[in-house]
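Note sheet for the following structure.
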Amino acid sequence: MKTEWLTVKGSFLYAGGHGVEYRDKNGSVVNEDQMWIKVISKTGEVRSVNWKDVYTKVRDFAGFPAPGYLTHEAVHWSEVHKKWFFLPRKASTTMYDEKADQTKGTNLLITADENFKSFEIVKVGVNNHPERGFSAFVFVPGTKDSIIVALKSKEVDGEDPESFVTVFDIRGNIIMADQKLGGSYKFEGIFLTKRPEPTSTVSSSSSSVSTKGTTSTAAPTRRPWPKPNCGNPRLTNGLRNLFLHMHNRFRSNLAKGQTERSNGWGIAPPATLMYRMKYSCAAESFAQQHAGSCVARHLPQHAMPGYKENIHILRNVQTTREGAIQNALTSWWSELARFGMRSNMMFYNSEFQRGNRNVLSWSKVKRWRRYI
């Protein structure tokens, strides 16, 4: 027996097959293996049970007596309703034919009491797509087994397999019509869980939550990225944040290796290690002193130990301070697009002839001599 459906009833797991006989071309029954099920205990004991009588009752009640058939891939026991729920994948009043079976998908929902003495049947919406049939379903948690999420499968010769998801209530009323799932796959199982309740206590590294007597540990939380906050009154923290945000946005684009153009070398490759920058009040102090001197040349190294600098002169006094920042950073960043860098990362002697246009580092640095 090949397992097509699983459900839990009491303390046992039920595993069943298609629930049909195999017949030869003359209609004679060859075997009834798929009409048996397995009942498995929590300790692993397996018991084989002949469900031929059950499958036959379900098939006959639905109006598909032999040699017609129902094939089952979606069966569940509801402890709430004390009933069995069947969503057959295929239904046919005639003997199995491989080609015809591809469009025998059905929209039937069949329920039976615990002892299979009483049956009910409803139609789920309208069967506009007989090439689709139910392959799995679950009851939506918290609905008292009144709403079902189901998968449908389509398998037609010459076409890629497709899967769909739909939602309806146990009276057959459609809540969400078939929605195609991505990719050319047949999905044969579905499982739903409740969304975790929000935590009430969060620390900077982890949090412990107690909900209904159950204790769990939440995943570590990322600390907020530090915002600029320096004492120099000539710059506001808002302007400092603009500096920082533009730097990190440009660096993020470069690190992804998808959009930044390197002149003569196409799209710049992704970074191996690109640091997210923090704002340095010390670097600001050196930059402010140099800008205030109106000296348009690089300072000697001893004048700003541990730092290197970029110089940008904007000859437009009509701009705002924000505009000046954006102009400078955009100009510096454009050097990659204007001058380029070898995508193979090889540094040749000719690079020294490029003066201020050369690029001395790519990704594994924290500060840049020439910003790109």
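Every residue gets a Cβ built from N, Cα and C, even glycine.
Since this is a predicted model, take the numbers as computed values, not measurements.
For the Ca(2+) site, TrEMBL records E4, E73, E188, and the single candidate of S41, S118, S135, S146 listed with them is S135.
Sequence-distant contacts of S135 (Ca(2+) binding site), defined by Cβ-Cβ distance under 8 angstroms and a gap of at least six in the same chain, are E73, A74, R89, L151, K152, S153, S163, K186, F187, E188. Applying an 8 A CB threshold to same-chain residues 6+ apart, the list for E4 (Ca(2+) binding site) reads G16, G17, H18, H72, E73. Comparing local CB density within 10 A for the binding-site residues E73, E188, the maximum falls on E73. Summarising model confidence by region, the domain 'SCP' (238-359) averages a pLDDT of 76.
Mapped onto three states, the DSSP output places E73 (Ca(2+) binding site) in strand.
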